[in-house]
Amino acid sequence: MVRLSVNVNKIATLRNARGGNMPDLLKVVRDIEAFGGEGITIHPRPDQRHIRYQDARDLKKIVRTELNIEGNPIPEFLDLVLQVRPDQVTLVPDAPDAITSNAGWDTIAHRDFLREVIGKCRKAGIRTSIFVDPDPEMIRGAAETGTDRVELYTEAYAREYPTDPEGAVKAYRTAANIAHEVGLGLNAGHDLSLENIAYFKNQVPHLQEVSIGHALICESLYLGLENVINMYKNKLR
Ligand SMILES: CC(=O)[C@@H](O)[C@H](O)COP(=O)(O)O
Ligand SMILES: NCC(=O)COP(=O)(O)O
């Protein structure tokens with residue numbers, strides 16, 4: 001079964017909107033795990049617009065499933081990750097002012113930098129993943145960095161799925177097979193939803209984990225968090 005890691009950035013967005021602690025992020029995370037969530041993903045951005053660095057420290061103490069911290073490995077991010085030691089770190093090449101993640105790594109141009117960062121994380125006992133487009137050369141380049149896994153950036157799939165499901169997924173199927181051939185574990189995420197997740201899961205081999213946040217939280221406004229988590233898990237079986 002493909003593991004569901006729930007990205008809780010948008011819980012922190014709502015919390016920060018009033019400057020208080022409602023919704024209580026730690027309570028929501030405990031409930032997500034009680035409802036069947038199999039991991040918690042956070043993406044502390046440099047401006048800490050939603051997830052704050054302190055949230056990462058606090059969540060490390062309470063997460064019982066797996067904690068995945070995503071972000072651009074700027075020095076303060078890497079320091080946080082090496083301090084917190086999550087189960088997994090996912091390296092994302094976001095610009096500081098990016099409204100959301102919008103590209104995968106150029107694993108060839110940044111091979112030496114990624115090797116250095118990944119080496120430090122793996123030495124600290126943290127499983128590593130790097131955010132990549134479904135580009136065969138980028139997947140092969142990722143294998144040269146020493147990373148444990150890659151995370152396929154699924155925005156293009158989600159955008160094209162409604163009009164051309166097979167056209168949307170074929171690059172990801174190819175990328176997944178190449179990742180498997182070169183010995184990489186496989187995650188996926190960004191803009192996945194109740195509408196598009198089952199087709200992706202059924203068409204993309206070797207998938208170990210999906211991290212889903214924005215759509216899941218929005219769907220939960222109508223259908224309820226516990227119900228939505230179990231709807232995703234049923235589609236991921
Ligand atoms: C790497 C990735 O796709 C997610 O972390 C996504 O960027 C969520 O970030 P926001 O919640 O800030 O959009
Ligand atoms: N890595 C993807 C993630 O954590 C959540 O992305 P999204 O579902 O908020 O687009």
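One is the number of the first residue shown, and numbering goes on along the chain from there.
Heads up, the Cβ atoms here are built off N, Cα and C, so glycines get one too.
What TrEMBL lists as active site, proton acceptor is H43 (among others). A simple way to gauge crowding: the CB of H43 (active site, proton acceptor) has 22 other CB atoms within 10 angstroms, across all the protein chains here. Secondary structure from DSSP puts H43 (active site, proton acceptor) in coil.
Long-range neighbours of E70 (active site, proton acceptor) (same chain, six or more residues apart, CB within less than 8 Å of its CB): N7, T41, I42, H43, V89, T90, L91, V92, S101, F131, S211. The active site, proton acceptor annotation in TrEMBL covers E70 (among others).
DSSP assigns H190 (active site, proton donor) to coil in the three-state reduction, outside any helix or strand. Sequence-distant contacts of H190 (active site, proton donor), defined by Cβ-Cβ distance under 8 angstroms and a gap of at least six in the same chain, are T100, S101, Y153, T154, E155, A158. Residues or ranges marked as active site, proton donor in TrEMBL: H190.
Positions annotated as 3-amino-2-oxopropyl phosphate binding site by TrEMBL: N7, R18, D191, G213, H214. Under the three-state DSSP scheme, H214 (3-amino-2-oxopropyl phosphate binding site) falls in the helix class. Cβ contacts within 10 Å of H214 (3-amino-2-oxopropyl phosphate binding site), excluding its own Cβ and spanning all protein chains shown: 16.
H50 (1-deoxy-D-xylulose 5-phosphate binding site) falls outside any helix or strand according to DSSP and counts as coil. Annotation comment: TrEMBL describes R45, H50, T100 as 1-deoxy-D-xylulose 5-phosphate binding site.
Classification of E151 (site 'Transition state stabilizer') by DSSP places it within a strand. Counting every protein chain shown, the number of other Cβ atoms lying within 10 Å of the Cβ of E151 (site 'Transition state stabilizer') is 28. As annotated by TrEMBL, site 'Transition state stabilizer' applies to E151.
Selection of the recorded positions R18, H43, E151, H190, D191 by a Cβ distance under 6 Å from ligand 1 yields, in sequence order, H43, H190. Other Cβ atoms within 10 Å of the Cβ of N7 (3-amino-2-oxopropyl phosphate binding site), summed over all protein chains shown, number 24.
In this structure, the recorded positions that sit close to ligand 2, with a C-beta under 6 angstroms from any of its atoms, are H190, H214, chosen from R18, R45, H50, T100, H190, H214.
Across the structure, H214 (3-amino-2-oxopropyl phosphate binding site) and H50 (1-deoxy-D-xylulose 5-phosphate binding site) place their CA atoms 12 angstrom apart. Apart from the site residues R45, H50, T100, the chain places the Cβ of N9, T13, H43, R49, I51, A98, I99 no farther than 8 Å from the centroid of the site's Cβ atoms, the recorded 1-deoxy-D-xylulose 5-phosphate location.
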